[in-house]
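**Q** Below is one structure. I have some questions about it.
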Amino acid sequence: MELRLYDTLTKEKRPFVPLDANDVRMYVCGPTVYDFAHIGNARPVIVFDVLFRLLRHLYGEAHVKYVRNITDVDDKINDRAARDFPGLPLNEAIRKVTEQTGQQFHADVDALGALRPSVEPRATEHIGEMREIIEKLVKGGFAYAAEDHVLFSPQAMNAANAGLPRYGALSNRSLDEMIAGARVDVAPYKKDNTDFVLWKPSKPGEPSWPSPAGIKAEGRPGWHIECSAMAWKHLGEHFDIHGGGIDLVFPHHENEVAQTCCAFHRERMANYWMHNGFLQVESEKMSKSLGNFITIHELLADWPGEVLRLNMLKTHYRSPIDWTMKSLEESAKTLDDWYRVAADVAPGKPAASVVDPLLDDLNTPLAIAALHGLRSSDVPALAGSLRMLGFLSESAAQWEGRKQQASGVDAKEVERLLSERTAARGRKDFGESDRIRDLLAAMGVAIKDSRDGTTWEVVR
Ligand code: AMP
Ligand code: ZN
């Protein structure tokens, strides 16, 4: 079977043909580092990690390059820095915020079983490339400087029409309609309302860099240009896959395509545009004001990261996902079972019944159904397939131990109570033996008696 991927631009599932099978290249928009990442942010991380693993499986580990950036220049970062470290000079405060948040992000996504990307570029380390692209755009007549800003003109792009994509094609919008209905950031320095910012002046004390396009005052980049610059630097002018959440299609990705294609006179930036659907919590949009905003960090206090990972992959990446406690509990039970039967087994090759659905535009729900099938038919293949998908990073004993720790169950105390219970049963004191069983149940421990003795497990 061949890999087929859904492309947001052409709105079809197509066979995946890499530009260079020895150098398969993927870019995914990463986090803006100003606060703990929420569980919605975990979705692209997990989805594109599965794709990264699948591509490595198909083309070899050395032949896949995955770039996920870190946006470390942004108004939200500046606001956070001023609020959290009022005593520090702003630039130092900003560095503290981005360092702390970046480390937290790594701790979170490592726990989710996501491989680190091949490169994690930071926006602030690519200002030179941003300036270069902006200069090319100004020279080409696609951008202009006004009042210390540099603006990109989608109308100039669509007027040029020479081997370029149409502005609006990715997000399926018409520029004429955008012009007619434009409420997009009306600002005096814009020639047209649809123009967007490539570069802007910095306020006093804010991070600033020498400006492009002959602007004397120092300034800072707009958001969209960051990704064009980092993708160019690490993957070239034209690469295979560009991903992110569905909310990024417009304006972020539409503008990335515009910048990159106009700067380098190309028809395509990426050959496949992939977008994950949105995550909501217990059927409601996640938001701070509704009080249902959950961070990955908080969830990891209650659940192993692999439970969150499995829970995420039970829904196809393009569908909306409803994140519920009930589903999490089921995912935890499933993983407990898989750990018990497969974690300590020598892994076989990943099964075709698991890989084939993944080849069909990452159909993870079907792959997971196949895993359930392997549970009773081929445990080594189950173990190999689970590992390929980023599960079973621990031994069965480690998993059980961590679960007990997380649930606050003291294994020694459980063993002590169990031997008391065995003694009570030995002297036919069933009242006492029942009392101990109830005591264990209250601690969250279920016991099972069999001919071979008594086993126990933590149930949530
Ligand atoms: P941000 O830091 O807001 O730019 O988001 C980082 C990534 O998380 C982007 O790819 C977003 O599309 C994605 N994302 C943000 N919120 C959600 C959500 N509720 N569901 C799914 N993906 C999301
Ligand atoms: Zn981006």
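Yeah, the Cβs are placed from backbone N, Cα and C, and that goes for glycine too.
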**Q** Looking at the candidate ranges 31-41, 53-63, 64-74, 295-305, report the one that TrEMBL labels motif ''HIGH' region'.
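**A** Feature motif ''HIGH' region' in TrEMBL: residues 31-41.
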**Q** For the motif ''KMSKS' region' entry in TrEMBL, name the matching range from 170-174, 265-269, 285-289.
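**A** In TrEMBL, the motif ''KMSKS' region' feature sits at 285-289.
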**Q** Around the C-beta of Lys288 (ATP binding site), how many further C-beta atoms are within 10 angstroms, looking at every protein chain?
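**A** 8, counting other Cβ atoms within 10 Å of Lys288 (ATP binding site).
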**Q** Write down the Cα-Cα distance for Lys288 (ATP binding site) and Glu256 (Zn(2+) binding site), rounded and given in Å.
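**A** Between the alpha carbons of Glu256 (Zn(2+) binding site) and Lys288 (ATP binding site) there are 29 Å.
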**Q** Do any residues at least six apart in sequence from Cys29 (Zn(2+) binding site), in the same chain, have a Cβ closer than 8 Å to its Cβ, and if so which, in order?
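**A** Result: Pro44, Arg68, Asn69, Cys227, Gly243, Gly244, Gly245, Leu248, His252.
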**Q** From the binding-site residues listed here (Cys29, Cys227, His252, Glu256, Lys288), select those whose CB sits under 6 A from an atom of ligand 1.
**A** Cys29
**Q** By DSSP assignment, list the helix, strand and coil residue numbers for the motif ''KMSKS' region' (285-289), in that order.
**A** 0 helix, 0 strand, 5 coil
